[in-house]
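Take a look at the structure below.
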Amino acid sequence: MYGIEYTTVLTFLISFILLNYILKSLTIMMDFIIYRFLFIIVVLPPLLNAQNYGINLPITGSMDTAYANSTQEETFLTSTLCLYYPTEAVAEINDNSWKDTISQLFLTKGWPTGSVYFKEYTDIASFSVDPQLYCDYNVVLMKYNETLQLDMSELADLILNEWLCNPMDINLYYYQQTDEANKWISMGSSCTIKVCPLNTQTLGIGCLTTDTTTFEEVATAEKLVITDVVDGVNHKLDVTTSTCTIRNCKKLGPRENVAVIQIGGSDILDITADPTTAPQTERMMRINWKKWWQVFYTVVDYVNQIIQAMSKRSRSLNSAAFYYRV
């Protein structure tokens, strides 16, 4: 009996000593690995000359678009400003160094060289199909064109607000808008939109669901269409899907890092009448039409007042981000 107890105690002591030895061995081994790893980290960096791809990107958001006057020297920048302008401005100025001149003028207003990026677009129609707003602050210059009033106002509504959008299958389903913030947004080379409102028996109201020629045409061959119909009523839609994509969208609120400046025009575009616009003070302003040199001088002169009406955001906007906001 006593022999069994002694054997048990002896076995326990041997197990304890063996476990203690194993733990000490593991501790010594881990200390060796950790200290060797730290030694390598401390010694190697001064000997290497590799690029750190994380510090030379002054623009927040997507970097898919190359910017004409980008620089990799200003790694300390905390804010970036993108200035969007039509191609006609470049043609009129006709000066290969005009961007450098404007950049130096922005420097006098506190914007370091390399923090201002110039982005050219062909026209309002093409810009509305694929808006790309990547900077902390984005200022879009739109020269007034009487024939493009609708495109200009809808583009302003698109880029001055954030939207959550989902695909629509108009061949299988009827759609209705739930409230005033719910819109259908179409983009493409040519968008013609027709709608047929339905009653509770899914019969057309003033139209035949089997005959699209009886549908109400709300847009014809446009690049960008924001369709607003009567809330709470199902609609059958007919869209030129071969050249246009339509999405079911919800306006979430203002995109406060974007401002639109209308250049010239007797009529002032104003989207603040939209009841879904909150707050009612929008970042949309107008300056008188002058030569493009004078336009850029005016923007430089008032850039800081313009920025004060905006808020810095890191979320970028392009056609993909517009469709699927994350």
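Every residue, even glycine, has its Cβ placed from backbone N, Cα and C.
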Swiss-Prot Ca(2+) 2 site partner of D228, V229, D231, D301, selected from Q104, Q132, Q177:
Q177
In Swiss-Prot, C135 is listed as disulfide-bonded to which of the following: C82, C165?
C82
Per Swiss-Prot, which of C244, C249 is disulfide-bonded to C191?
C244
Tell me which of the binding-site residues E216, D231 sits in the most Cβ-dense spot, judged by other Cβ atoms within 10 Å.
E216
Residues satisfying Cβ distance under 8 Å from D228 (Ca(2+) 2 binding site), sequence separation of at least 6:
Q177, E180, K183
Could you measure between C191 (disulfide bond) and D231 (Ca(2+) 2 binding site) for me? Cα positions, answer in whole angstrom.
22
Around the Cβ of D301 (Ca(2+) 2 binding site), the count of other Cβ atoms that are within 10 Å:
12
